[in-house]
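Have a look at the structure below before the remarks.
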Amino acid sequence: MSGTKKVGSAGRFGARYGLKIRRRVAAVEAKMRQKHVCPVCGRRAVKRISTGIWQCTKCGAIFAGGAYLPVTPAGKVARRIME
């Protein structure tokens, strides 16, 4: 079963867990599945390999990031401090 119009990919849960939770899951999954900017080459070509591991499809760079997004708020702060 694919998604539904209201909750997209979270439609796989059917009527379980409540609409608010399913909408939240759908929003996180949509952000996770889109292409992200590579920190090495700057191209929008980063895809998630597994939990917290991201790879650029153009330059092949593999790096660790957040579970659902390649850059977390804490990671942004740490990078700013290091620079």
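Glycine residues also receive a Cβ, built from the backbone N, Cα and C atoms like all the rest.
What Swiss-Prot records for this protein:
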type    : residues                   : note
BINDING : Cys38, Cys41, Cys56, Cys59 : Zn(2+) binding site
ZN_FING : 38-59                      : zinc finger
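Same-chain residues with CB within 8 A of the center of the Cys38, Cys41, Cys56, Cys59 CB atoms, the Zn(2+) site residues themselves not counted, are Pro39, Val40, Gly42, Arg43, Ala45, Val46, Thr57, Lys58, Gly60, Ala61. Sequence-distant neighbours of Cys41 (Zn(2+) binding site) (same chain, six or more apart, CB under 8 Å from its CB) are Cys56, Lys58, Cys59, Ala61, listed in sequence order. In the predicted model, the zinc finger (38-59) shows an average pLDDT of 96. Remark: Cys38 (Zn(2+) binding site) has Arg44, Ala45, Val46, Cys56, Lys58, Cys59, Ala61 as non-local neighbours, by Cβ distance under 8 Å and separation of at least 6 in sequence. In the structure shown, across all protein chains, Cys56 is the one of the binding-site residues Cys56, Cys59 with the greatest number of other Cβ atoms within 10 Å. Under DSSP, the residues of the zinc finger (38-59) split into helix, strand and coil as follows: 0 helix, 11 strand, 11 coil.
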